[in-house]
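Listed in Swiss-Prot for this protein:
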type	residues	note
BINDING	H60, H62, H120, D137	Zn(2+) 1 binding site
BINDING	D64, H65, D137, H175	Zn(2+) 2 binding site
Amino acid sequence: MLHITPLAAFNDNYIWVFQSQQNTGAESSGIYVVDPGDGQVVIDYLIQTGQALLGILITHHHHDHTGGIEQLIRRFGAQIAVYGPQSENIIGVNHPIVANGDISLTNAGLNAKVIQLPGHTLGHIAYLIEDVLFCGDTLFSAGCGRIFEGSAEQMYQSLSELGQLPDNTKVCCAHEYTIANLAFANRVEPNNAALIDYTKKAQALRAQNLPTLPSSIGQEKAINPFLRSDSEEICQSLSIQFQQPINNPLQSFSLLRQWKDNF
């Protein structure tokens, strides 16, 4: 079993901390962190909890996901394993990942499945550990990342691949964008009962300054327009907004992303 904790950073980032938790309930003596954009946030957590840093996982090269790597290496030593996509030439990555497959986090007793997700950036990857997905800026709750380097088709395929994961897969996104994403989702699919219910729950959480994450793949398939581009209501909304017929899910997805970029 995996124990996960989101650490808030900057305005809306989450640095995810995880460690194995044995059947007895005793946790491992150290943690991994995902996308430490701010090293001090991680250091403060380690001091507070008395944990050791076992390693770092990086999903893509953007500075708000990588900015803390060098500080953490200076503090805890160059032996710290830092995994990340080889193609993105990220300073501090000493275990470059070149393809889909498994990596063994032996010091934590865990295996991670690497999933290539081009779109937000060309080299973007996600890590699936047990039933927990660390997906960076590809999939958000009720939304998806902007397409900075890849194509709409690449992003569509990446999200489609994530949509094939089991419904109970926990989704650990890197940003607390949920409320803003839900405003758009309700605009394009206003009669989605699951979306209406989820919006109320998310608003209640944020009113208490609590994270809306992790979500789940099943939840996102029910409420996220970017995983629902074949929805009849979404296609009708797009047809009205763009004054054109919607012929296929990729076209629908591309127009959704275009609309959201200017929403």
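Placement of Cβ uses the backbone N, Cα and C atoms for every residue, glycine included.
All features noted in Swiss-Prot, drawn onto the structure.
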residue: H60; record: Zn(2+) 1 binding site; Cβ neighbours (10 Å): 27
residue: H62; record: Zn(2+) 1 binding site; Cβ neighbours (10 Å): 21
residue: D64; record: Zn(2+) 2 binding site; Cβ neighbours (10 Å): 19
residue: H65; record: Zn(2+) 2 binding site; Cβ neighbours (10 Å): 25
residue: H120; record: Zn(2+) 1 binding site; Cβ neighbours (10 Å): 25
residue: D137; record: Zn(2+) 1 binding site; Cβ neighbours (10 Å): 25
residue: H175; record: Zn(2+) 2 binding site; Cβ neighbours (10 Å): 20
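Other than the site residues D64, H65, D137, H175, same-chain residues with C-beta atoms no more than 8 angstroms from the centre of those residues' C-beta atoms, the Zn(2+) 2 site, are N13, D35, G37, H60, H62, G136, A174. For H175 (Zn(2+) 2 binding site), the nearest of the binding-site residues by C-alpha distance turns out to be D137; the candidates were H60, H62, H120, D137.
Across the structure, D137 (Zn(2+) 1 binding site) and H65 (Zn(2+) 2 binding site) are spaced 9 Å apart at their Cα atoms. Between the alpha carbons (Cα) of D64 (Zn(2+) 2 binding site) and H120 (Zn(2+) 1 binding site) lies a span of roughly 14 Å. Taking the mean position of the Cβ atoms of H60, H62, H120, D137 as the Zn(2+) 1 site, the remaining same-chain residues with a Cβ inside 8 Å of that point are T59, H61, H65, T121, H124, G136, T138, G145, F148, A174.
Of the recorded residues, H65 (Zn(2+) 2 binding site) and H120 (Zn(2+) 1 binding site) place their C-alpha atoms 13 Å from one another.
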